[in-house]
Amino acid sequence: MPAAVERPQAIARQRLHPLSPVLKSVRTLFLVVAAVSWRGLQNLGPDLYALVLLGLLVLVLLYSAVAWRFTGYEVVGRELRIHEGVLFRRTRAVPLERLQAIEVVQPVLARLAGLAELKLDVAGSGKAEAPLAFLPLAEADVLRTRLLALASRTSAATAETAPAATEPDAAQPEQADLYRVDNNEVMVSQFLTPPVMFTPLAILYIIGQLAFNSDFGVFAVASMVTAVAGTIGAPVMRILNFWNFRIGRAADERLRIRHGLLETRSQVVAPQRIQSLTVTWPLLWRGKGWLRVTLAVAGQSSVNADGRQSRAETDRLLPVATVDTARALVPLALPGLDINALPLSPVPHRARWLAPLRRRVLAAGLTEHAFATVDGLTTRQLTVVPYARIQSVRVTEGPWQRRLGLATVYVDVAGATPAAAVHRPLAEAFAWADDLTTRARAARAEV
Amino acid sequence: MTEPRLEAPRHTAARSALDPWPGEVTWRPVSPRLVALELTRVSISTAIMLAVCGVIWAFTGSSWALVAAVAVLVLTVVRGVVAVRAARSYGYAERERDLLVRHGRMVRHLSIVPYARMQYVDVVAGPLERSFGLATVQLHTAAAASDATIPGLEPAEAARLRDRLAALGEDAGEGL
């Protein structure tokens, strides 16, 4: 074990911003204030009420002052340590070599105070863990650059310990954005989703019920209104989230993705951390010729192990784009990949018994650097997994497939659903499985 | 970085997921006691279901309970056949750079897990497995979908496999 003993502190222990405990407890504070105000104003009278509020405020400030003294972060050897907590003291150690990507997030309140939060995506954990909250925005950006530089240095497994002061990236001026997604397109694209398309019908239905059906109770109306608000909610959140979507380059060929209207997010992803890339053509976007491109970065999965969507969507490379834009920008994430010229082969004609309609869509192929599959009749999806990122390969052969001499090849990747080449001829499936393992090994050896 | 024995069979027709590269890979079977273990599992669940049927019959006297009992017995036969075939179908092969695991009769599965991708190896043995002197080895990669579980191993073989896999994983490991 190359122990971290002789390694000096790369970043000495520093405190988080003094406002962080306040910002973190602000939600509880609101609840407490609301609870006190409910009856308090009448029972106590304005003077006493003000006094109680003042007392609360002093308590919170005191707590924050104490909590602040315990907060801090430092980099010791190969790990980042985050200290937190007053009663339950917690020190979280994040091994830097497992750091996949760092996101700088500014929630609305923190943004007002000019603060930001660092979200560290660590390989092996299902969700983005270990938030470092809060730091001044500029400091957060600098820290991110330094952490990423340290991470790539430790993962290179060299014992060099360059002085942290001479970080070249930290001083480097920010590069201009390469591409900016049109906000109007974001808006239109989110309105071209099934929930929004059907909302007018639902509203008409409610109005109709109100006008003609006297039995229609208030509660029914209320519940339907909340339902409508719920369906509208997701697209609206996405519009807010993908507003001002910009892609740029950061140091070391890394991608910098920034977006958000109220809560801004800025993400730096190293291309070698990208596990898979998915291009999706939703049915309703086809008229516009639009697609979206998502990335799977280990540790920051938006898909759980059980395949369900979770967390805010921070996995977009392009929330909405035309094919030409995607062709121009996808190579930033996976160099040398042209999504329009993939050597895909269709499934054999006999697959029609198992997938009568999907047969025309299904395709898969081995490109120079990646494995690519296409699936989905209405929402077409292209999944690309670079050979170097393949974790394991599986072949399954169901009873009906066996009768037809077909098999499905799965390519498993970290933090994403496996890429599946469905209904391939059996011989081809095994040839591919063999080829994939060989190419994956060669690609790993290169890196 | 090519493995000569991988090259040859690439374009020959493979027969099934249980033996994709005939003659190229030496498959190791799992312990035959796995069949007995699976049958015991089936009979335990049958016994429980029959007991439920019996209790219902004792209290209500409904003849439906007897019908259900017959259905349970028929189901047991089917499940027993499936379990025996599934248990017999398990096999694994340690190749130079990856582990192959195959299983399933109806739906045939073949997993290829490179040693370099292994994150950790589990050896699990439940009470029933222990009473049969068996253990299960599970390989985990960074991908949740990776499926390499070998049940029905003798404890010695399980330990050997675990140590070997762990050693190979350390040699070749680069995580992600």
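Note that Cβ sites are derived from N, Cα and C of the backbone, with glycine treated the same way.
The transmembrane segment annotation in TrEMBL covers A:48-68 (among others).
For the domain 'YdbS-like PH' (A:68-146), the model gives a mean pLDDT of 80. Among the features that TrEMBL reports, domain 'YdbS-like PH' is placed at A:68-146 (among others).
Summarising the annotation, TrEMBL assigns transmembrane segment to A:191-212 (among others). Packing against the transmembrane segment (A:191-212) from elsewhere in the chain are residues 220-221, 224-225, 227-228, 231-232, 234-235, 282, 284-285, 288: each is 6 or more residues past its ends and has a CB under 8 Å from a CB in it.
Taken from TrEMBL, the feature transmembrane segment covers A:218-240 (among others).
Counted with DSSP, the domain 'YdbS-like PH' (A:250-304) comes out as 9 helix, 28 strand, 18 coil. Per TrEMBL, the feature domain 'YdbS-like PH' maps to A:250-304 (among others).
Look at TrEMBL and you will find A:366-430 (among others) tagged as domain 'YdbS-like PH'.
Through the fold, the transmembrane segment (A:218-240) approaches residues 186-187, 190-191, 193, 195-196, 198-199, 202-203, 205-206, 209-210, 260-263, 312-313, 319 of its own chain, all at least 6 residues removed from its boundaries and within a Cβ separation under 8 Å. Panel annotation: around the transmembrane segment (A:48-68), residues 15-16, 18-22, 25, 29, 32-33, 36-37, 40-41, 85-86 of the same chain, lying at least six beyond its termini, place a Cβ under 8 Å from a Cβ of the stretch.
Assigned with DSSP, the residues of the domain 'YdbS-like PH' (A:366-430) fall into helix, strand and coil as follows: 14 helix, 34 strand, 17 coil.
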